[in-house]
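Worksheet: the structure to be examined is printed underneath.
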Amino acid sequence: MILILLGPPGAGKGTQAKLLSSELGIPHISTGDMFRDHKARGTEIGKQVQAIMDAGGLVTDDITNAMVKERLSRPDVAPGFILDGYPRTVVQAGYLDGLLRSLGRSIDRALSYEVPEELVVERISGRRSCPRCGAVYHVSQNPPHRAGFCDRDDTALVQREDDKPENVRKRMQEYGTKTEPLKRYYRDRGELSDVEGVGTPEGILAVTKKVLGR
C-alpha cells in the first residue's frame, strides 16, 4: 500500500505516519527526516535546507524530488510506504506520479488531515527542544519537570526559529497557496480522503483505518 499524508504543519501527520507504519508494516518516509540528515552531514543540500527553514519557508522542488527519488530506490519500499511531508505542490505530485509509473506503481490513497489554524499555531509555537540531547517538550501538553530546562541534562530549552508564531503563520500561508491545490488534484483523481485531525492519536488512527477499510 502506498499512502500520502497531507495537512498543514502541526497537523499530526508524523504521529499518524508512525502509527500506520507499525500497523501496516511499511516504512514511514518523512522528508523532514531526510532534510535533517542532510543538514547533520553538512551537505550542500543540507546548507540550502537550513537557510530556507530558518526563514520559515518551504524547500524547493528540485531539492526535495532528488531526495525522494533516492529514497524510493531502496528495497525496503517494495511492500509499500507512507509519504509524510511530500508532495507539497502539484508540481511535486506530478513528478511523483511519473516516478511511480516508471517503477510500475501508483498511490492507493491521499489522506488530508484537517486541523484549525489557531490549533496548529498553538501546537507548534509551544514546542521547546534541548540543544544538547534533542529531547522535545511542549509548554502545555508535555512540559519538563522544571520549566525551561531539559529533564535529562538540565540544559536550557530553546524554541526553534521556525516554531515561532509569526513563522508558523507564514508557513500556514505558504501551505494554503502551494499545498491546498493538492487536495483538488487528488480529489479530481478520486484518491483523496479528508480525516479530522483533532483528537487523540489513537482516535485519529481509528478514523484513518476506517477510511482505508482496515
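For all residues, glycine too, the Cβ spot is worked out from N, Cα and C.
Here is what Swiss-Prot says about this protein:
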BINDING   G10, A11, G12, K13, G14, T15, R127, V136, Y137, G199  ATP binding site
REGION    30-59  region 'NMP'
BINDING   T31, R36, G57, L58, V59, G85, Y86, P87, R88, Q92, R160, R171  AMP binding site
REGION    126-163  region 'LID'
BINDING   C130, C133, C150, D153  Zn(2+) binding site
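Features per Swiss-Prot, on structure.
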residue : record              : Cβ contacts under 8 Å, 6 or more apart
G12     : ATP binding site    : Y113, V115, G197, P201, I204
G14     : ATP binding site    : S30, G32, D84
T31     : AMP binding site    : V59, T64, M67, V68, L83, D84, G85, Y86
G57     : AMP binding site    : K170, R171, E174
R127    : ATP binding site    : V136, Y137, H138, Q159, R160, D163
C130    : Zn(2+) binding site : V136, Y137, C150, R152, D153, T155, L157, V158
Three-state secondary structure, R127 (ATP binding site) (per DSSP): strand
Largest separation between Cα atoms (Å) of residues that the record links to ATP, namely G10, A11, G12, K13, G14, T15, R127, V136, Y137, G199: 20
For R88 (AMP binding site): intrachain residues, at least 6 apart, with Cβ closer than 8 Å: L58, T64, Y175, K178, T179, L182
Zn(2+) site, defined by C130, C133, C150, D153: further same-chain residues with Cβ within 8 Å of the Cβ centre: P131, R132, G134, A135, D151, R152, D154, T155
Cα separation, C133 (Zn(2+) binding site) to G10 (ATP binding site) (Å, whole number): 22
Helix, strand or coil at G14 (ATP binding site) [DSSP, three-state]: helix
Per-residue Cβ crowding (10 Å cut-off), top of binding-site residues Y86, Y137: Y86
